[in-house]
Structures are given as C-alpha cells and as structure tokens.
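What follows is one structure encoded as structure tokens, with my remarks underneath.
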C-alpha cells in the first residue's frame with residue numbers, strides 16, 4: 001500500500017498532502033493573502049511558501065500518523081504556475097527526497113486537479129471543466145492523453161474575477177472569488193457585458209477591460225451597485241463556460257461532467273452546470289473547497305497514480321516548467 005507525499009505551491013496556496021491507496025490521510029494548506037486592491041507577486045509568494053512549508057510537512061505527517069519511513073514517494077508540482085513559488089517548493093521536494101532516499105515525481109498541476117476530482121467524486125470518464133486563477137480549459141481523456149478541447153485564448157476566468165475584485169477593492173480574504181460570489185447573491189440588476197465564445201474557446205480580457213472601464217462611472221451615477229456588477233460578471237462568464245463544456249460533451253458523447261479548480265467551488269457555477277447536465281440527461285460531479293482549491297493531496301494522488309504506473313523523475317529533470325500543458329503528459333495509468 002504505497003503512501004505518497006505531495007507538495008503543491010504553484011500560486012498563492014501552499015499545501016502538503018498524503019495519500020495512500022485512494023485515501024487522503026492529510027491535507028493541510030496555507031494561503032498567502034494580500035491587502036484589498038492588490039494581487040500577489042511571485043517573489044513575495046515564494047517567501048511566504050518557504051516560511052511555512054516545513055511546518056506544513058510536519059503537520060501533514062502528524063495528521064497522517066506516518067513517519068518518513070512510511071512514505072514511498074515524494075511528488076511535487078512541476079508546473080504550470082508562477083516561477084518563484086514553483087521553484088521554492090521544488091527545492092524542498094528534491095531535498096526531502098534525497099534526505100529520505102525516496103523516488104521523486106514531478107506532477108502536472110492540471111492533472112493533479114483532474115485525478116483528485118476523479119478520486120473524490122467517483123466520476124469514470126467525464127468531460128472536465130478546469131477553471132482556476134491561472135487556467136481555463138475543457139478537457140476529455142482519449143488515447144492516454146487529457147485532450148484540451150477548448151480553453152481561454154487570453155486570461156483565465158479566475159484571473160478575470162480576481163482583477164475585477166481589485167477594481168472594487170474587494171477583500172482577498174479568504175479569496176476574491178469567494179467574496180465576489182457572496183456579493184453576487186445580493187445583485188438584482190443584470191448589466192449587459194461582452195460575451196466572447198469562439199467555437200470551444202473563450203476570451204475574458206474584453207469583458208474585464210469593459211467592466212474596468214465602466215464600473216466606477218456606473219457606480220458613481222447610481223446605475224448599478226457593486227453587487228449588481230459582481231452578479232452580472234458571474235452570470236456572463238459562467239454562461240460562456242457552460243456553453244463550451246456542453247459543446248465538448250456533445251462532441252465526445254459524454255454523459256458526465258466534472259468541475260475542478262478553485263473557481264469550481266462557486267455554487268452558482270455548479271448550479272448552471274447542473275441545469276445544463278440535467279437537460280442533457282448527464283451527471284455533474286464537483287468537489288468542495290477542500291479539494292477544488294489547490295492542495296497537496298491532489299499532487300499526492302496524481303503522484304500515486306504515476307508511481308503505480310512506474311513513473312519516476314530523475315534529479316537531473318526535476319526542475320519546473322511554468323507553461324506545462326495538460327496534454328503534454330502521457331497518461332499511462334488509464335486504459
């Protein structure tokens with residue numbers, strides 16, 4: 001029964017997880033939170049991760065009831081993500097693997113989300129909507145690859161929401177997306193915003209530029225409230241995501257949809273996806289914030305699958321890749 005330790009730190013979340021044969025034994029996590037109206041810089045984020053990662057490692061082992069001798073493999077996020085945070089975590093993973101004399105595995109962050117979603121929900125072969133601060137992709141499995149059927153052609157949906165939160169000076173604690181979601185529940189007026197879908201691809205830079213341009217004027221003149229803008233932005237960008245997911249499901253003949261990534265925690269997105277799936281006679285699968293937000297257990301789970309399939313990452317190849325495509329990885333652990 002192999003036990004895999006996973007390190008995740010591709011953005012402002014740092015997590016260490018332990019997975020053994022499909023069971024999550026530990027999954028502690030910390031978040032680097034910045035003041036309202038600001039984002040997080042790579043260097044500052046990396047310094048935060050370095051300051052807490054060893055405490056998280058000890059916390060994970062204690063929670064799992066394991067020692068270093070019980071761990072069979074060390075997995076870490078190879079990419080995609082922000083360079084400095086990725087490097088800070090990869091250095092610790094390499095060091096731990098050498099100190100404990102354990103094999104090392106570099107894991108694709110996106111595949112970590114997918115494998116954790118499959119594990120937690122029991123979805124067998126879903127069309128995946130992967131939505132986060134750094135990625136927006138519609139994915140389906142075929143011939144040992146997670147194939148990207150559609151994606152953003154500019155910025156990720158989570159990045160769009162985060163940057164809008166800065167315009168309104170919305171708090172980053174616990175996350176700007178969560179706070180937008182709560183404000184949107186009180187919105188009553190739908191403001192017409194640009195809607196850009198091109199086949200199975202989407203674009204969010206136009207809607208962000210538009211709402212950045214008009215937000216302060218509309219608020220100053222009383223045309224709408226901040227809550228109305230949050231509501232309108234959510235409804236518009238989520239409708240775009242539902243459309244391209246449904247198109248991919250129709251193309252693949254899929255009867256399952258799985259939402260993964262930090263934006264996947266949004267209840268309104270889940271409701272809209274559920275409506276679409278019901279109309280197609282399909283099933284929707286989603287996880288809660290423990291597993292849809294970046295976490296160490298998802299890297300451990302993907303690492304576990306790779307470890308069982310015989311994958312290993314030599315030290316000479318254990319760097320990071322900021323632009324690590326989902327479809328670059330050969331998925332040898334699935335039929």
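These residue numbers are counts, starting from 1, taken along the chain as shown.
Every residue, even glycine, has its Cβ placed from backbone N, Cα and C.
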Annotated companion of 109, 113, 130 at the divalent metal cation site, Swiss-Prot, chosen from 294, 327, 335:
294
Starting from the substrate binding annotation in Swiss-Prot that includes 130, 131, 132, 133, 134, 162, 177, 181, which of 27, 101, 266 is the extra site residue?
266
When you tally the Cβ atoms that lie within 10 Å of each candidate's Cβ, which of the binding-site residues (134, 177) has the highest tally?
177
Give me the Cα-Cα distance between residue 177 (substrate binding site) and residue 294 (divalent metal cation binding site), rounded to a whole Å.
14
For a quick check of packing: other C-beta atoms within 10 Å of the C-beta of residue 266 (substrate binding site), how many?
25
